[in-house]
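In what follows, a single structure is set out as structure tokens and then discussed.
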Amino acid sequence: MKVTLPEFERAGVMVVGDVMLDRYWYGPTSRISPEAPVPVVKVDTIEERPGGAANVAMNIASLGANSRLVGLTGIDDAARALSKTLADVNVKCDFVSVPTHPTITKLRVLSRNQQLIRLDFEEGFEGVDPLPLHERINQALGSIGALVLSDYAKGALASVQQMIQLARKAGVPVLIDPKGTDFERYRGATLLTPNLSEFEAVAGKCKSEEEIVERGMKLIADFEFSALLVTRSEQGMTLLQPGKAPLHMPTQAQEVYDVTGAGDTVIGVLAATLAAGNSLEEACYFANAAAGVVVGKLGTSTVSPIELENAVRGRADTGFGVMTEAELKQAVASARKRGEKVVMTNGVFDILHAGHVSYLANARKLGDRLIVAVNSDASTKRLKGETRPVNPLEQRMIVLGALESVDWVVSFDEDTPQRLIAGVLPDLLVKGGDYKPEEIAGSEEVWANGGEVLVLNFEDGCSTTNIIKKIQKDSDK
């Protein structure tokens, strides 16, 4: 199926809400502390990622949309780290600095893919003057297609009702990820996106989909919402709108590693899609696909346009399919955090034949994920001659990405993938043919990183060149 993504580049979205910094400390655990019955983690990796409303803004920016973020921070290292990280991913920040408060920070300690503890550094922003937030919203209303209010009950949305009225008066849809049981404060919102537990905390326990629909429609009427989207984890999503039949969407997640930030991804994709001019139903479709991708990643994460397109084409997982080099590196980093072994190979793969399929299947068996690096058209011409490739790069990559054995496909323009391999550093580098390991491009870099290099045999009698010769011979008859 050919999927047409929304025109995200023409979408402008402002996110207002509780901004926070997520810190992750990773390391191995091999002993128990003599001081107390707790594991000792030897921290070897530290990561900092924007969280809360900042993660929503990152999700919007990762799609290529114009993302603006407004929130409350302290004047500290965490605020500076947030500003720098967000600027690097094209989020325009306009924070209101509160000198009496620290920037909200969540520190998570992980070992062997397990979160051991979370430490929160925060002081609620309740009582802070909301006027600077209102001014920033007013200034942006003429240039945005959606306003997201991201509520984590930390005080940034204490005046949420005034914010809703400002946007609705300007004709800008308001999307809210709610917190708590007081839905009255969100009265008049365009769309509310509670998860099932948040929904049932307000509407009561539901024993069936019929009860979810009935009670959801009552909430819409009681609080004058335009729509309600209930996210239901492994049961997917349910969209409710007055005068329309309920829309149930099954989950697209294949594996669930971490639900951290999944709600941020959902509302971010919803807002960007609506701001691009698509319908609410279409926005929910893309948001559901994006949720299936992001829960397969560890920690708060974003979804790229390529990952989203792969997901709606039926390749929903940790960015499987055709990728850019930057997206590949991110996917590999996530795989390593899950303890997966990454295998990498490369080639032209011009006319895919049984020998290729067998070789790639055997390579995949050597690890958990298989990367296939493909020569670009220009690289192929230099290597094979002016008549090659027969199939252009895009078609070669799509065919490879459709193979069950292949997880990620990426292209390179050079004569060899040495630079690409040095950047990815797979655990195992594989090449087919009669090479010696030391002759394989990238082998030195992989060995230096502690990885392995292996030569696999191709299936006898299978050759793209022979296939081309046979076609030419038959056409001459």
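Placement of Cβ uses the backbone N, Cα and C atoms for every residue, glycine included.
Summarising the annotation, Swiss-Prot assigns active site to Asp264.
In the three-state DSSP scheme, Asn195 (ATP binding site) falls into the strand class. Here Asn195 (ATP binding site) comes close to Val230, Thr231, Arg232, Ser233, Gly263: these same-chain residues lie at least six apart in sequence, with C-beta atoms under 8 angstroms from its C-beta. Sequence annotations record features per position, and here Swiss-Prot assigns ATP binding site to Asn195, Leu196, Ser197, Glu198 based on sequence analysis.
Feature annotation from Swiss-Prot assigns region 'Ribokinase' to 1-318. Mean pLDDT for the region 'Ribokinase' (1-318) in this predicted model: 90.
Taken from Swiss-Prot, the feature region 'Cytidylyltransferase' applies to 344-477.
When the recorded positions Glu198, Asp264 are compared by the number of other C-beta atoms lying within 10 angstroms of their own C-beta, Glu198 comes out lowest.
Remark: secondary structure over the region 'Cytidylyltransferase' (344-477) totals 57 helix, 26 strand, 51 coil, with classes taken from DSSP. Comparing Ser197 (ATP binding site) with Asp264 (active site), their Cα atoms are 16 Å apart once rounded.
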